[in-house]
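S.K.: The structure under discussion is supplied below as structure tokens; questions concerning it will follow.
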């Protein structure tokens, strides 16, 4: 049976700029907003867009990500005619090969894609925070009779050199692509979201592999090749909230923006929910000394200190006299008595001992997963 569109989420990146937060897990598995992991946004967008077949391409430290996704039931992707498949590097007749880039990861999974038999493939990054209707992008792709459609976002000119930049004509047909140009001619930045006609992309990847032509990356190789070959390549303009959380600072900023009830992500929109795999936790407990304001406190938290403009993830503890300001406390982390945390991200299961002070006024501070800062007590 022919399926109209298959989504492939690229989730194998190490995310080295997130430092301690990605030493033991892949970047898409990093927690966000108290209740979610970063990949939840791409998966939820697929579910809300009516895409029922999703492949998640993993490579670096995939265990936590695999456990989180499971069979896809949290996103309604476990039906008879739908499903989530975890796609990891495997041994083939030519030997073991790690994914060498974004498009090479797709080539290595040609057999899986052929088994789904899609007309179109949607390529997504698993490490961005945003909401997007992919069905609307697909309709634009069809209306333009495009071979490739690239989602673009208008960025400030001073930031444009960080992105792949698209130069378009009056009809939004892409006439030139520059990968991170020093002197950008446009402010239309690639979001790393692509819709391809599958057979055309397949033919190109197979031919490139046979001829040993380097075609491992969409931005560096595939898009320029399409343009040089005269294929119809169009830009799809996106104007909603989108955040690349590839650095500590940007991850912290996105979490702080998310706290607001009227945040740009529109997180309380019941028509476009963000789904996640949520474990059942007991209710929150606020002790006699608890003072919480302008914060998100998720299920299972224990609070007996002061929390201001911060996020407490599932099962976090803030003990008596502790003060939390402008910070993200991930699941199971313990903030000891009298500790003071300001502008920091505290990783899952971390322990901040009694009286410890962490001040990120000049630079956001990070404590890694299960890391102990100070001298832990028997109670911890």
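Cβ coordinates are placed from backbone N, Cα and C, and glycine is handled just like the others.
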S.K.: 164, 179, 180 bind alpha-D-glucose 1-phosphate in Swiss-Prot, but which of 186, 190 does that record place at the same site?
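M.R.: Only hit among 186, 190 in Swiss-Prot's alpha-D-glucose 1-phosphate site, alongside 164, 179, 180: 190.
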S.K.: Where does residue 180 (alpha-D-glucose 1-phosphate binding site) sit by DSSP, helix, strand or coil?
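M.R.: Assignment for residue 180 (alpha-D-glucose 1-phosphate binding site) reads coil.
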S.K.: If I restrict to non-local contacts, at least six residues apart, and a C-beta distance under 8 angstroms, what lies near residue 164 (alpha-D-glucose 1-phosphate binding site) in its own chain?
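M.R.: In sequence order, 177, 178, 179, 180, 189, 190, 219, 223 meet the Cβ cut-off.
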S.K.: Provide the number of Cβ atoms within 10 Å of the Cβ of residue 190 (alpha-D-glucose 1-phosphate binding site), excluding the reference atom itself.
M.R.: 21
S.K.: Let me check the 10 A CB neighbour count of residue 179 (alpha-D-glucose 1-phosphate binding site). How many other CB atoms are there?
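M.R.: Its Cβ shell of radius 10 Å holds 14 other Cβ atoms.
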